[in-house]
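*Asks:* Relevant sequence annotations retrieved from TrEMBL are reproduced here:
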ACT_SITE  THR386  active site, nucleophile
BINDING   ARG103, THR404, LEU405, ASN406, ASP428, SER457, SER458, GLY479  L-glutamate binding site
Amino acid sequence: MKPYKLKYYLLALLLPALLISFVVSPNNQSKEIEFKNGAVVTAHGEASKVGLAILKDGGNAVDAAVAVQFALTVVYPNAGNIGGGGFMVYRSAKGEVNALDFRETAPAAASKDMYLDAQGNVIQNLSIYGHLSAGVPGSVDGMIKAHAKYGKLKWAVLLEPAIQLARKGFKITSMQAREMNKHRSDFIKYNQPGHNYLLKEGDWQEGDLLVQEDLAKTLELIRDKGRAGFYEGITAENIIKEMQFGKGLISREDLKNYKSIWRKPITGQYRGCKVISMPPPSSGGVCLLQLLKMVEPYDLKNMGWNSVKSIQLITEAERRVYADRSAYLGDPDFYKVPVEEMLDKTYLKNRMADFSFEKATPSSMVKPGNFGIPNKGMPKKESEQTTHFSIVDKEGNAVAITTTLNNSYGSHVFVQGSGFLLNDEMDDFSAKPGVPNLYGVTGGEANSIQPGKRMLSSMTPTIVEKDGHLFMVVGTPGGSTIITTVFQTIINVVDYNMGMQQAIDAGRVHFQWLPDVVQYEEIGVDSTTNFQLKQKGYATEVRNGIGRTDAILRTPSGLYQTGADKRGDDNAQGW
Ligand code: DON
């Protein structure tokens with residue numbers, strides 16, 4: 001063969017291999033951005049700017065978080081909210097940690113079988129769309145509590161940027177235009193004719209100005225009257241009118257009685273790092289720590305990133321963790337969640353004892369662990385729209401908040417006259433044991449509907465500490481994929497030494513016991529790995545856009561490296 005022909009021949013042989021290695025290696029092109037004095041990473045540039053301005057004006061991380069929560073209500077109506085709920089994990093610069101639960105509650109008139117027909121079957125969509133799907137909102141009370149305990153700036157100052165954005169309007173992105181157009185028919189279907197806040201004649205286009213005057217007025221009421229501006233007075237009246245129109249259950253008393261709750265975070269060690277995360281009613285912290293502790297005895301680094309072995313190990317841990325989640329996690333004020341038992345070292349070690357690299361363990365062979373507690377009922381399915389933001393201030397105080405209406409635009413019900421959307425968080429309860437919810441997860445007694453109870457969540461706002469210093473602030477939306485996404489972001493940094501943006505850009509894999517299918521982003525698993533996984537008995541399928549992670553990493557030199565997920569319009573600001 002002539003030398004030049006040989007060259008082409010070799011190139012033809014090598015090219016596929018080069019392409020594969022490009023596709024499967026965690027993105028080396030990720031550009032790491034670092035800031036000295038603090039950073040804010042959110043789902044929308046306008047909200048990130050609001051947070052940064054508050055930090056620069058002398059506000060701390062909690063001040064910035066409150067301002068961002070209200071700003072996201074305006075600029076990211078899919079998930080940013082005052083009509084929903086969420087969780088905050090906090091770590092002060094000195095290392096004090098705390099967790100705030102502002103999850104929605106079931107209305108007092110809610111009942112176990114409220115989404116079942118006369119035959120006992122789940123009525124489709126009743127817990128997902130419309131007035132009956134809404135829980136009692138918690139976000140406003142949560143922000144008030146967070147500010148009262150940790151805030152430095154005046155409450156009114158924190159509301160002002162959101163009010164201005166609502167009144168003057170902001171330019172929507174192309175992704176937002178697409179999404180609002182996609183939901184148009186549901187906005188019409190679930191609302192009274194008249195004010196339909198996210199509708200316009202014809203289609204939305206990128207750059208259109210979205211003005212929300214009624215929302216601006218509601219935010220002013222919250223600014224001036226605090227809790228009473230939302231849970232009482234005009235806003236409460238408008239919520240009640242909505243309930244009367246759409247046969248919803250939220251009452252005046254429900255609104256008056258709503259209380260967010262300070263809880264002790266879930267904490268644990270992973271390879272020398274301290275992981276601080278959300279306790280029940282989120283399943284996030286418990287499941288995240290179970291996963292980390294189950295893989296800790298293995299050398300993930302040596303196995304290689306998203307190699308056959310590492311995916312097997314992680315999948316098998318996830319299989320066992322999500323089985324436990326289905327049976328034992330729920331609102332701790334209504335159900336005794338066996339947190340200690342679930343995180344017990346020996347339990348977790350034994351739980352992985354029957355796992356083998358030879359072949360997959362079918363999910364039918366894995367049951368929830370046995371803690372001597374009655375396990376009545378199997379798991380349910382979870383949707384796609386929630387939002388997470390991460391903030392660190394100049395002193396090093398850190399806030400991780402994940403907040404949601406549940407599905408994108410929640411129940412799709414706008415509170416007429418008040419200009420905001422109500423959540424459809426009731427779908428996170430188990431409507432019937434063993435019947436999957438929107439995210440495919442199932443549940444039983446621990447997560448059954450009861451008046452005043454909080455529905456189980458997967459939201460996992462998390463802060464990681466290393467050598468006594470802040471190390472990482474992380475979280476994501478994604479329903480049941482939240483836990484596995486936060487887990488992968490942490491191991492990408494801790495085990496695979498990735499930078500923050502690189503750890504977020506890297507392709508993701510998700511598994512949740514049921515369905516017994518490994519889902520992966522195309523950029524995350526190459527065809528050879530996929531083939532070998534199948535040979536070992538794993539069913540696999542491509543699923544694009546798993547999670548939207550917004551996170552901050554403190555480098556050894558004390559700089560803040562930001563990671564904003566390119567799967568969305570997410571944006572990092574810092575100084
Ligand atoms: O609390 C939960 O787990 C769900 N309501 C979260 C929903 C979600 O993440 C949808 N987003 N992508």
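Cβ coordinates are placed from backbone N, Cα and C, and glycine is handled just like the others.
Just so it is clear, the model here is predicted, and its values are computed rather than measured.
Relative to the rest of the structure, where do these features sit?
*Replies:* Taking the Cβ of THR386 (active site, nucleophile) as centre and 10 Å as the limit, one finds 31 other Cβ atoms among all the protein chains shown.
Under the three-state DSSP scheme, SER457 (L-glutamate binding site) falls in the strand class.
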*Asks:* Among ARG103, THR404, LEU405, ASN406, ASP428, SER457, SER458, GLY479, recorded L-glutamate binders, what is the largest CA to CA distance in Å?
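*Replies:* Site span for L-glutamate, by Cα atoms: 15 Å.
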*Asks:* Taking the binding-site residues ARG103, LEU405, ASP428, which residues show a Cβ-atom distance to ligand 1 below 6 Å?
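*Replies:* Going through ARG103, LEU405, ASP428 in sequence order, those close to ligand 1 turn out to be ASP428.
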*Asks:* Going by DSSP, is THR386 (active site, nucleophile) sitting in a helix, a strand, or coil?
*Replies:* strand
*Asks:* Taking the Cβ of SER457 (L-glutamate binding site) as reference, which residues of that chain separated by at least 6 in sequence fall under 8 Å from it?
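*Replies:* SER457 (L-glutamate binding site) has long-range Cβ partners PHE87, ARG103, MET278, PRO281, SER282, SER283, GLY284, ASP428.
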*Asks:* Express the distance between the Cα positions of GLY479 (L-glutamate binding site) and THR386 (active site, nucleophile) as a whole number of Å.
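*Replies:* Between the alpha carbons of GLY479 (L-glutamate binding site) and THR386 (active site, nucleophile) there are 8 Å.
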*Asks:* Cα of THR404 (L-glutamate binding site) to Cα of THR386 (active site, nucleophile): how many Å, rounded?
*Replies:* 4
*Asks:* I want to verify one value. Collapsing DSSP to three states, which class is ASP428 (L-glutamate binding site)?
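*Replies:* It is helical.
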*Asks:* Below 8 Å Cβ to Cβ and six or more residues apart, same chain only. Which residues does that give for LEU405 (L-glutamate binding site)?
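*Replies:* Within the chain, LEU405 (L-glutamate binding site) has Cβ neighbours under 8 Å at ASN78, ALA79, ASN81, GLY83, GLY84, GLN385, THR386, SER411, LEU421, LEU422, ASN423, ASP424, GLU425.
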